[in-house]
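Working notes, structure below.
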Amino acid sequence: MSEDIRIHSWPCSYYLAAGKRWVPGKLSLTPSSVRFAADGAAELLVEFRLAGVAEIKKESSHLVFSSLTILEKGTKHWFGSLRPNRDVVFNVLEHFWRERLLPGAGAGAAAAGSGKGKELTGMLEGSRKRLEDTAQVLHSQGEQFDSIMRGLHKIEGDMDVADRLLTELESPSWWPFSTKLWKTPLEWKPKETPAPPDPKTREGILLRIPVIVTHRADSDAKPGKLTLLPSGLEIRDCNSQLLHRFESRDVDDIRVHTPYEISVRQRFIGKPDNSFRLLSARMPEAIPVLEAQFGGKMQFLEDALGFAGAGRSPQADLGTSVWQAATGIVGGALNPGSPAGSGEGVDKEREQLQEHEKVSQEEAKELRQV
């Protein structure tokens, strides 16, 4: 995959320290670098690699204007007037920068430049794994507490029934209401049966990657997670709260804008479509899984034609050409006087039909039905 592919770009201004002025232009992000080109200039004004970035922060210039700073090799670069807003640009840049630092994030993942950097990234990765394990343990403990509460409710119901039975047995025989409890069994609390486990909670996870989620508006771009399941896909926010779950039958189309960006859409009649746009540095890992799961619902746009060519089978094209040829032959047999196609191929088919045995009308109908 080319390292020069542009993932995203935003109009902004760059503070040129040499001239002490702001230069309007466009900030661009590629899989390995950050670039800035001034308006009307053919050459890049600033370019540095993501592996060399030490810090990305939100700051204010002149204590008023919101800006974004990127610290690279001791030099702080200032970017202001970011559109659509500073938060969107910060979330995207920070996502790709962090994925670049993590070891094993991809073929182009860069190792840290020093031993301390490697140690820090290892600590971050270990902390992330421990947090995920802790979340899974807490989730299982919550399910155990729910089961305990159901058991306590069941015990309480059984205690009420036993108390009523004991009261009935201890009452004297001349008490006129002694048989009331026996005649009204509907007042007893039925024994609660534990709810069957949800099959979706036991469903295996095909792939889970961090993403930048955009729901309808560009101003809503926020970090989240994409989880691919055998029955569909789930989109969650950074706090693991479910934003939306797409069942396989609910997905109408998945557009691949670039190898790093896709959009998932569900159409509705009479109301706006439910659409999510997902951007991730690990999206190339998810696209083959999505293509295998959704098949014909995938649409590859111009910047992602490499994935479309890799996923297309030559046997499928061969089968299409054979079917078209067979259709032309059958059409020529049914209507010898009318052309079944155009060009020299139709004439050759007619000559072959004349050389071989003639096909009757009934046989031609059977061929068409097949």
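From the backbone N, Cα and C atoms, a Cβ is placed for every residue, glycine too.
For 133-169, the entry in TrEMBL reads domain 'T-SNARE coiled-coil homology'. Annotation source TrEMBL lists region 'Disordered' at 333-370. The compositional bias 'Basic and acidic residues' annotation in TrEMBL covers 345-370.
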Residue counts (helix, strand, coil, in that order) that DSSP gives for the domain 'T-SNARE coiled-coil homology' (133-169): 37 helix, 0 strand, 0 coil
Average model confidence [pLDDT] within the domain 'T-SNARE coiled-coil homology' (133-169): 86
